Amino acid sequence: MKDIFYMKKAIKLAKKGSLTTSPNPNVGCIIVNNNIIVGSGWHKKTGMKHAEIYALKTSGEKAKGATAYITLEPCSHFGKTPPCCVALTKYGISRVVIATLDPNPKVSGNGVKWLKKHGILVTIGTLSKESIKINKGFFQRMTTGIPWIKLKLASSIDGRTALNNGKSKWITSDKARHDVQHVREKSDAIISSSETILFDNPLLTVRNTNNNDNNQKLLKHSKTFLKQPIRVIIDSKNRITPSHKCIKQPGLLFLIRIHSDNNIWPSHIKQIILNNKSKKIDLIDLVKMLAKYQINNILIEAGPSLSSSFLKLNIINELIIYIAPKILGNYAKPLFFLENYSNLSDVPQFKFEKITQIGKDLKLILTKHNSS
């Protein structure tokens, strides 16, 4: 019971870095000596000290003979920071409780081996599911080579996204649209389509988040400014031009194309060519490519065509649906364009994770049955 109690505190600490640690995972560490917390820390940002180092420095000499509760296996290799295993030994930690092993197959288990080799008792698996949950994207990218993929949608209660003439501003309330900004800021990349850019001309940036109390706490803990997600526009027909709003906004933007054009693009715009025999953008190739850029979490914001294409590939891990108390009717545009299924067993299936009322609207979060 003590291990669970202290690991919960370590996981709570880890969450403080949720807006700033990517591509690294969120990690927290609590150091306990004689049932007293003598040190604590969390990983704040890539390139900065790991959680264990902050906790050890705050504990000082009191770390000798203590137990360290860490939400992820401590590193044993030299990277941007020295290995945490060495520091744990140097400070005299006698026992380490680890929520879960590092999912990176190249290093998984190495930290545990190092600790045991140097005489430290190790316990593994305390609140493992909870630790994985706060790092879903990192774990998925490391184990499958594909980031965690979220699809954001907004609809009426009859599942319609726009009137037949295309008008959709605004189906949901200001509060719901404000909440979308918080969904964006927790994403490493936003995928959209040229169709969406041509029709709505959106910015696809994070904005208007400063009024959120929880966000302010996270920013205070991180001591840094939020970075914008990488914007990824699928533009197989080269229809996006330097005049579109999203292009004029600062922050890295990928134009995913079959071939490049001769436009003069700003330095933050990168044309990425994904060509194949079908002359279409392969969405699996796209998300695998984004994983190589160390992107853990992808948010899709697009119309029914692209949303349906991703859904058919069965790679959507999470649905985020904002539902407005409006009825648009059967002539309005649907959420998806899907085939005419003959059997219910063939349809895409998700499970409800959370339902929240935001202003006049509902926010539904659903995950696949096989998603963590």
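Note that Cβ sites are derived from N, Cα and C of the backbone, with glycine treated the same way.
What Swiss-Prot records for Glu52 is active site, proton donor. The local packing around Glu52 (active site, proton donor), expressed as other Cβ atoms within 10 Å of its Cβ over all shown chains, amounts to 30.
Cβ neighbour count for Cys75 (Zn(2+) binding site) (all protein chains, 10 Å cutoff from its Cβ): 22. Among the features that Swiss-Prot reports, Zn(2+) binding site is placed at His50, Cys75, Cys84.
Positions annotated as NADP(+) binding site by Swiss-Prot: Ala154, Trp170, Thr196, Asp200, Ser236, Gly303, Pro304, Ser305, Leu306, Ser307, Ser308, Ser309. The C-beta environment of Pro304 (NADP(+) binding site), restricted to residues of the same chain at least 6 apart in sequence and closer than 8 Å, consists of Thr161, Lys333, Pro334, Leu335, Phe336, Phe337.
Taken residue by residue with DSSP, Arg184 (substrate binding site) is part of a helix. In sequence order, Ile190, Thr205, Val206, Pro229, Leu299 make up the list of same-chain residues 6 or more apart from Arg184 (substrate binding site) whose Cβ falls under 8 Å from its Cβ. What Swiss-Prot records for Ser168, Arg184, Leu204, Arg207, Glu301 is substrate binding site, and it gives similarity to another entry as the kind of evidence.
Per Swiss-Prot, domain 'CMP/dCMP-type deaminase' is recorded for 1-122, and the stated evidence type is sequence analysis.
Per Swiss-Prot, the feature region 'Deaminase' maps to 1-145. Over the region 'Deaminase' (1-145), the average per-residue pLDDT in this prediction is 95.
Positions annotated as region 'Reductase' by Swiss-Prot: 146-372.
Using a 10 angstroms CA-CA radius around Cys84 (Zn(2+) binding site), none of the binding-site residues in Thr196, Leu204, Arg207, Leu306 qualify. In this structure, the binding-site residues under consideration are Ser168, Thr196, Ser236, and the one with the smallest number of other Cβ atoms within 10 Å of its Cβ is Ser236. On a Cα basis, Ala154 (NADP(+) binding site) lies 10 Å away from Ser168 (substrate binding site). Taking the Cβ of Leu306 (NADP(+) binding site) as reference, residues of its chain lying under 8 Å away and at least six apart in sequence are, in sequence order, Ile191, Ser192, Ser193, Glu195, Thr196, Ile234, Ile300. Of the candidate recorded positions, His50, Glu52, Cys75, Ala154, Ser236, the one lying closest to Glu301 (substrate binding site) when CA atoms are compared is Ala154.
Cα separation, Arg207 (substrate binding site) to His50 (Zn(2+) binding site), rounded: 29 Å. Closest to Leu204 (substrate binding site) in space, going by CA atoms and restricting to the recorded positions Glu52, Ala154, Ser236, is Ala154.
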